[in-house]
Amino acid sequence: MMNKNKGLTRIMDGIASFDEKLAEIAGWIVVLMMLTISYDVVMRYAFNSPTTWSFEVNRYMLIMVVFIGAAWTLPAGGHVTVDIATERIPERKRIVLDIITSFMAGTYVLIFLIQSVVFTYDALEHNVRSTEYLAWPLWPIRAFLVVGAALLFLEYILRIVRNFSQLSQTHEEK
Amino acid sequence: PNMAQCKTYRLKFQMAWHTQHPQYKAYKEFIKRVKEASNGKLKFTVFPASQLIGRNEALDGLKSGTIDMLAGCGTYYHGMVPEGDVDWLPYISLNNREKFWDYMNNDQGGKAGEFHDIIYNAYLEKANAVWLTNIICGSSGIIGRGNTEYNTMESLKNIKLRAAGGVSTRVAKAWGACPVTMATGEIYPALQRGTVDALIFYAYGLKDYKFFEVAKTFSTPPVFTWADDLWINKRALERLPEDLRNTLVTVSREWGHWASVEYWPEYEAENEKWCRENGVKFVSMDNENIEKSKKMLEQVWDWYAKESPECERLVDLIKTEQKTWTALKKDSGLEKIAGLQ
Amino acid sequence: MEWYIVLSILVVSLSFFLFLGLPVAFSLGFLSIICALVFWPGTTGLYGVALAGYGHMGNYTLVCVPLFILMAQLVMHSRMGTDSYEVADRFLRRLPGGLGMTSAVFGAIFGAVCGASTAGTATVGLLSLPEMIKREYQAGMSGAIVAFSGALSILIPPSVILILYGTLANESIGALFAGGIIPGILMTVLALAYIFIRVLIDPDVAPRDDVRFTWKEKFASLSKVWSLLTVIFILLFTIYTGVATPTEASAIACLAVFIIAFVKKTLDVKTTRKALLHTVKTTAMIGWIIIGATSFGYVIIYSGCAAELTDFVVSLPLPTTAVVMILMLGFLIMGMFLDPAAIVMMTTPIILPILTALEIDTLWFGILMAVNMCAGNISPPMGLNLYIVKGLVPDKIKLAELFKAAVPFIILDIVTIGLIMIFPEIVTWLPSLIV
Ligand code: NA
Ligand code: NA
């Protein structure tokens, strides 16, 4: 039991630190957004030669921030919940409830993941490109939905596993 | 009559147009015509203003069957089906609205229908969508901030020109202007405060988006005429009984022709009158500048032709076809307009 | 099935999921997925419903959200925020609820550079919540003040909601912007009055102390705010002189904060990293709520419930004032559950013919609607601003407290609606000077 938990803890720590690294990268993307937009304004206002890419690239960067930051946001407690009921009930029941809600959220994220795969594969198969000036292939951008949803799904699986393990521990203690 | 004949069918129909948009009013006529022709057996639940699925993802939604029918500009989906964007090329239908529509919508197959079939097949193959009709809508020219007139190629040089990506950004570049991209909602304050000098936009935007309050000139001839398209999901069409299928296809075509050659020209005349009454000045380029502009914009056509082998074929076909229009015009003594070709 | 039964089932299910502790974004998403299976044949609805939010995520005007959040984070961590609060503190400490008042005023000023309530709330909250909590202000009250002040961003121009409405209703955006200014100031003043009176009655809400500052000390502290004033000036200057659009100005102001902090040596790599992680957390949270809310909006519109509800409300045989009141009530109820932009997008086209028929001024109505959306943003169970506040300081504020404390502010919004209905000049006077 203990060994299994240790292994599990190590895996979970590994994933958590990986997700945090991704979130940090997402943070630097926000800095990049700040710099590119400012550059575009300066080029337009001072040099009368605005970029043709800033507008489009910044929208893609926003998508990247939301999706590669999504997984870490869960363990970091960023996804807001209504805690009217959950903050009043005993721990064991709260764990059970957390397993139930994690299953619900996990189901949603899984369906989102599957649809994102379809969405991305479609762009790859038909060589769908952006309709704007850059006309970049869209599949790498849509792939961020897949990566983000997959990591978030993984976080929910881990959360369920951890809850079950806690549940069995509290059971043993009794 | 058996049950099947009495059954009514309802299609979920999303439009990019909000209920005050002139094209929405055209679709009201479409729905009326379908109702009459089908004896009320074919009905629509209409979702205006891209209410359901975002404008740029709507063709994806149609493809997957989340919506049954879609009305919007083919140019929104250039990245998916570049062939459908041919009608936004600079000056492609200038002074030949009806001829261009007839050519683009010729579904009789063979040599004469090749142009239509390339587009039709592209939508069918890439978007699982049956292309019902195309509607040539409003003139897109240059709306100038304040009282500045942009009626020569020289006046466009180095100005900050808001363009909506795709073809219009390329047009702006080819003219030697500085294309600026910004969201539609940000245009008004940008015009008001001089963030941009002018924009490539349709004339009724002056009224629709209230640009007339801060921009007082509109430059003609239209560099392109924006166009709307109507599609139905392939399976949704196949689910309909044969008579309704035929009704829908026929009514769409007849209505598309009406909207392109009667409704929109009338609406544009009305809009121009309204704009003039509200202090907007309509300026036009002389022939010399139009010729210059055409020469400059050849690179936009070249760019489009490189999008796919089918696009290249479309460009070849339309260039050949346009020559016959010029010839016809010359025959009927309209040299002056033919000069604009 | 009748539309009102469907709508009731949806509302009850959503409330139940939220009650279970399922995150807001995923409650909306999970319910939408179930609806996609029920309302569409087979699994054809899943694709569109699940991905409905993607288009929104790619919306350029949302690019300002992470930038305004990062800016506020940097202002906070580089002492610019605390410095300015110290100044406010010196001037206002002796007033009842002084810091709360400062938040409301700051919310109004920040609203003049921010178009969406999400970014507004996040910024005001990041700057003022830690201070108010440090000074032992009642948590629920502090959060409600922030949520209310953040909502001012959609009434005080620039405003995304007013741009959407103006486009759909064919109403002048310039006039709408002008029309929002006085109601925005009015709401700020009402909030100040409420905080003042509330704290007089119930001093525990916002502890006062008797430390007195001399006028010399007060004015000496002013030197500390130059950096924040510079940022606000850059924001206003770039927007109102046409150098940049409001979205772009968010990037420039953010860069200005970076540079000032660098010059003042108040920002190190560790703090920057912390600010960046927080920015990502909030942005991802807002992003997923938008994704969930868009899916849910999709389902509600597709089911026909939204249209039926509106039809029902407007078809009642009543005088104009009563119809407007009922519409306002309908908006308040919808505001409890839906995103303001979604409400505007979905109802304006349906209501417009009624406004025309009853000869109701669309400018006046648009501002009424915007005030109503301010209330919607802070009304439980689905007030987005409340969740943003909660998300900023998850351990410090309980949602139940926040919901309770928000009620008086919702009443302030309703009072504003009432005042505008009785005295339409509050809205129409300023635009009449301009146009
Ligand atoms: Na604002
Ligand atoms: Na709400």
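Backbone N, Cα and C define each Cβ position, glycine as well.
What you are looking at is a predicted structure, and each value in this text was computed from that prediction instead of being measured.
Per TrEMBL, the features are:
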DOMAIN    C:12-426  domain 'TRAP C4-dicarboxylate transport system permease DctM subunit'
TRANSMEM  C:6-39  transmembrane segment
TRANSMEM  C:60-80  transmembrane segment
TRANSMEM  C:100-129  transmembrane segment
TRANSMEM  C:141-165  transmembrane segment
TRANSMEM  C:177-201  transmembrane segment
TRANSMEM  C:222-243  transmembrane segment
TRANSMEM  C:249-267  transmembrane segment
TRANSMEM  C:279-301  transmembrane segment
TRANSMEM  C:313-334  transmembrane segment
TRANSMEM  C:341-358  transmembrane segment
TRANSMEM  C:364-389  transmembrane segment
TRANSMEM  C:401-423  transmembrane segment
- Note on the structure: With the cut-off at Cβ under 8 Å and a gap of six or more residues from its ends, the chain residues touching the transmembrane segment (C:60-80) are 114-116, 118-120, 122-123, 126-127, 130, 160, 227-228, 231, 246-247, 250-251, 253-254, 257-258, 260-261, 264, 266-267, 271-272, 274-276, 278-280, 282-283, 286, 290
- Query: Is the count of Cβ pairs under 8 Å between the transmembrane segment (C:177-201) and the transmembrane segment (C:141-165), pairs 6 or more apart in sequence, 3 or more?
  - Reply: yes
- Task: State, in range form, which of C:6-39, C:364-389, C:401-423 has the highest count of Cβ pairs under 8 Å to the transmembrane segment (C:100-129).
- Result: C:364-389
- Message: Can you tell me which parts of the same chain pack against the transmembrane segment (C:313-334), counting only residues 6+ beyond its ends and a CB-CB cutoff under 8 A?
- Response: 343, 347, 350-351, 354, 358-360, 365, 368-369, 372-373, 375-376, 379, 414, 417, 421
- Do the transmembrane segment (C:401-423) and the transmembrane segment (C:6-39) share at least 3 Cβ pairs under 8 Å, sequence separation 6 or more? no
- Remote residues contacting the transmembrane segment (C:222-243) - C-beta distance under 8 A, at least 6 residues beyond either end: 71, 75, 80-81, 83-84, 86-87, 109, 112-113, 158, 249-250, 252-253, 256-257, 260, 264
- For the transmembrane segment (C:141-165), could you work out the same-chain residues 6 or more beyond its ends whose Cβ comes under 8 Å from its Cβ atoms? 61, 100, 103-104, 106-108, 110-125, 128-129, 132-133, 171, 173, 176-178, 180-181, 183-184, 187-188, 191, 195, 198, 205-206, 239, 246, 340-341, 344-345, 348, 366-367, 369-371, 373-375, 377-378, 383, 385-386, 388-390, 393, 397, 401-402, 405-406, 408-409, 412
- Confidence summary for the domain 'TRAP C4-dicarboxylate transport system permease DctM subunit' (C:12-426), mean pLDDT rounded: 83
